[in-house]
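Asker: Please read through the structure below; I'll follow up with questions.
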Amino acid sequence: MTGILRPAATTVSLFTVLLGLAAPAAMTGIAGAVFPSQAGGSLIERDGAIVGSALIGQAFSAPGYFHPRPSAAGEGYDAAAGAASQQGPISARLVEAVRERVGTAGSRPVPADAVTASGSGLDPHVSPDNAARQVARVAAARGLPEARVLTLLQNHTEGRELGLLGDPRVNILQLNLALDALR
Amino acid sequence: MTLIGWAQIALVLAAVLAAAIPLGRYIAAVAEGRIRWLRPVEALFFRAGGIDPSAEQGWRTYAIAMLAVNALGFLLLYLILRLQGMLPLNPRGLDGLSPWLAFNTAVSFVSNTNWQAYSGEVAMSYLSQMAGLTVQNFLSASTGVALALAVSRAFARGGIRSLGNFWADFIRITLYVLLPLSVVVGLVFVALGMPQTFADYVTATTLEGGEQLIPLGPAAFQVAIKHLGTNGGGFFGVNALHPFEGPSALATAIQIWSQAVIPFSLCIAFGHLVQDARQGRTLLAVMLGFVVVAAAAIYAAEAAGTPVMASLGVDLAQGNMEGKDVRFGLALAALFTATTTGASCGAVNAMFSSFTPLGGMVPLFLIQLGEVLPGGVGSGLYGMLIFALLAVFIAGLMVGRTPEYLGKKVQAREIKLAMLAVLVLPATILGFTAVSMALPLATASLAHAGPHGLTEMLYAFTSAAGNNGSAFGGLTADTAWLNTTLGMAMLLGRFAYVVPVMAIAGSLAAKVKTPEGNGTLPTHGPLFAGLLAGVILILGGLQFLPSLALGPLAEHFVMLAGKTF
């Protein structure tokens with residue numbers, strides 16, 4: 001039995017030190033030195049205060065801001081409680097929620113991402129269609145010409161990654177930061 | 001569906017295949033002890049453990065060594081999770097886990113399942129994630145590969161009773177394959193936006209003046225092995241959907257690559273070890289065929305959306321977006337889903353519970369087919385070889401000859417053991433699901449009534465027994481009943497499967513190789529690939545058809561009838 005126990009115990013112990021402590025510590029060191037912003041959560045500062053992460057969506061409801069997708073994370077965009085609605089395709093609750101959102105979303109048909117909850121509850125993006133439908137509201141609330149807001153939106157519309165992967169999208173937090181920086 | 005979507009799927013699969021071929025050769029060389037660039041580290045392990053890497057072991061010794069490492073790993077992980085509150089690197093001051101949850105989680109990570117009845121950012125300290133979970137991400141993957149190497153040797157050798165040395169295989173796979181790949185992939189993940197830090201969570205003041213607590217942690221390295229080792233357990237609760245765990249479409253594409261590349265490359269390694277590359281390529285082709293069909297089916301179903309949404313005034317151009325994030329796109333969500341369930345990974349970049357009924361049935365069915373398409377690291381290859389034995393046996397019955405696979409006569413003992421292994425999955429899945437659906441204390445965990453509720457329960461036990469670990473969502477899994485029964489399903493799916501497989505390997509290794517003759521059924525090429533695919537579908541899939549009819553299929557027709565639950 002010692003023929004099995006000794007190698008098992010030493011292997012598990014040594015690997016715990018190597019893979020569980022040394023390697024993550026080394027990775028953290030390298031990551032912090034080479035990619036300090038990403039390793040620290042891609043945090044965005046404005047006037048010395050952290051206003052969020054470039055990767056994580058946040059809640060917006062004021063008419064002067066572009067609005068993100070519906071979120072099931074906590075009370076909405078709770079970054080420490082990411083969650084999806086988990087509602088099934090024929091769930092009555094899902095149908096009710098979508099019906100309500102469509103009702104307040106203007107002309108039909110409504111872009112799907114505008115009325116469905118994201119998988120993470122923290123989706124930082126909306127589709128370009130969804131954002132374009134919000135331009136008039138944002139411009140009116142800010143007293144800006146629509147063309148100016150539209151140009152800003154176009155500048156913040158990201159294409160497919162490497163020209164191929166994923167879908168075109170708009171990062172809501174970064175767009176709204178740019179809005180605030182106008183004038 | 002768009003042309004560019006199909007191009008994304010084709011590109012990622014091409015990248016997997018392009019890497020699988022050289023990586024397979026490299027793994028074969030590691031298995032033969034020809035790779036030595038970390039010799040000092042390797043020697044340290046051998047010296048400290050009193051291991052003679054050239055000492056050959058029979059199947060029993062090999063299996064007992066494997067079980068011992070896994071038992072100790074379980075014990076250590078269980079203790080870390082229970083004692084978390086007293087251990088360092090716990091900036092949130094999190095308490096230890098309850099006994100049920102700690103048992104479930106420890107079993108889950110040791111068995112390469114990574115079912116999670118907890119949410120990482122709420123329940124796990126940085127130390128638990130690193131020294132507890134990350135370590136088992138590696139070791140459960142090395143365990144799988146080591147077993148696959150032992151089974152491969154049973155076909156490569158003739159008239160020898162031994163299958164190699166478990167310690168040498170286990171240590172070398174970890175050091176030469178999993179660790180270097182994880183370091184490289186982990187650094188790429190950091191560059192793409194995944195955190196890797198020991199700093200505490202950060203509170204941001206949002207533009208509208210609210211507070212947002214942003215979780216951080218040493219995530220990137222763990223996420224790398226989570227995919228490379230087909231583990232799938234997320235650092236964060238919503239797994240690869242969390243913007244820190246799946247920051248971009250490129251990151252998700254690399255995750256798809258990571259979770260598929262080793263299972264596919266092991267087919268190539270098998271071809272090298274048995275000195276007949278065609279054998280490995282045939283297995284790989286069958287696996288790839290299933291993945292492509294599954295990805296296409298999911299893509300088509302999700303892109304079509306549901307009639308319910310259309311009737312509400314939702315534009316279906318984007319497809320079914322409930323439970324999906326914008327940045328990945330439907331094509332990569334479909335391919336990710338097909339590979340994560342086909343490969344026994346279990347990470348998710350879209351929420352299956354909100355899939356269309358047919359789109360959600362595909363991942364469920366892929367797991368039920370036995371986690372061999374391409375299956376978990378190692379477990380996919382040895383599972384596939386069991387199906388190959390059954391395929392030659394059935395072909396042998398049809399033509400009235402003694403079945404042979406790679407010159408090894410397949411006889412009653414091997415077939416009995418193979419059937420024993422293959423039956424573990426349906427017995428565990430259907431048994432536990434049936435009992436749970438009859439118990440109010442279990443059905444209280446369901447989030448949905450009607451067919452969707454049955455699918456939730458069926459999926460949970462399928463995922464656990466198949467050692468996949470993905471969740472259908474909705475189900476409240478952190479209860480004493482589900483933690484315990486799902487834990488048992490994971491143990492059965494891993495270890496009750498592996499022991500008969502090792503016994504088969506032992507018995508095959510001892511047989512002398514018979515030379516190929518005119519009457520030998522070739523086990524490469526399209527004919528055998530078709531036979532193998534048929535056996536997988538019939539033997540692996542048929543017994544689940546009634547439960548699928550009551551779950552997702554029923555839901556599909558209810559949806560077409562315009563009813564809601």
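From the backbone N, Cα and C atoms, a Cβ is placed for every residue, glycine too.
It should be emphasised that the depicted structure is a prediction, and the values quoted were computed from it without experimental measurement.
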Asker: For the feature transmembrane segment as recorded in TrEMBL, pick the matching range from B:29-50, B:491-512.
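Answerer: Based on what TrEMBL states, transmembrane segment spans B:491-512.
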Asker: Tally Cβ pairs under 8 Å between the transmembrane segment (B:62-81) and each listed stretch (B:173-194, B:328-348, B:491-512, B:524-545), then give the stretch with the top tally.
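Answerer: When the Cβ pairs under 8 Å are tallied, B:491-512 comes out ahead.
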Asker: Look at every Cβ pair spanning the transmembrane segment (B:249-271) and the transmembrane segment (B:130-152), keep those 6 or more apart in sequence, and say whether at least 3 of them are under 8 Å.
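Answerer: Touching, yes - the transmembrane segment (B:249-271) and the transmembrane segment (B:130-152) meet the threshold of 3 or more Cβ pairs under 8 Å.
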Asker: Between the stretches B:283-301, B:420-442, B:491-512, which wins on the count of C-beta pairs under 8 angstroms to the transmembrane segment (B:355-373)?
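Answerer: The stretch I would name here is B:283-301.
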Asker: Where among B:130-152, B:173-194, B:420-442, B:491-512, B:524-545 do we find the most Cβ pairs under 8 Å to the transmembrane segment (B:379-399)?
Answerer: B:524-545
Asker: Would you mind listing the long-range same-chain contacts of the transmembrane segment (B:173-194), meaning Cβ under 8 Å and 6+ residues beyond its ends?
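Answerer: Cβ under 8 Å, 6 or more out: 26-27, 30, 35, 37-38, 41-42, 45, 138-139, 141-142, 145-146, 149, 219-221, 223-225, 227-229, 243-245, 247-248, 250-251, 254, 258, 262.
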Asker: Considering only the recorded stretches B:130-152, B:283-301, B:420-442, B:524-545, state which has the highest number of Cβ pairs under 8 Å to the transmembrane segment (B:491-512).
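Answerer: That would be B:420-442.
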Asker: For the transmembrane segment (B:130-152), give me same-chain residues lying six or more residues beyond its boundaries with a C-beta closer than 8 angstroms to one of its C-beta atoms, as numbers and ranges.
Answerer: 27, 31, 59, 62, 66, 69-70, 73, 76-77, 80-81, 89, 105-106, 109-112, 114, 124, 163-164, 166, 169-171, 173-174, 177-179, 182, 218, 221-222, 225-226, 228-231, 233, 262, 266, 269-270, 273-274, 376-382, 385, 498, 501-502, 504-505
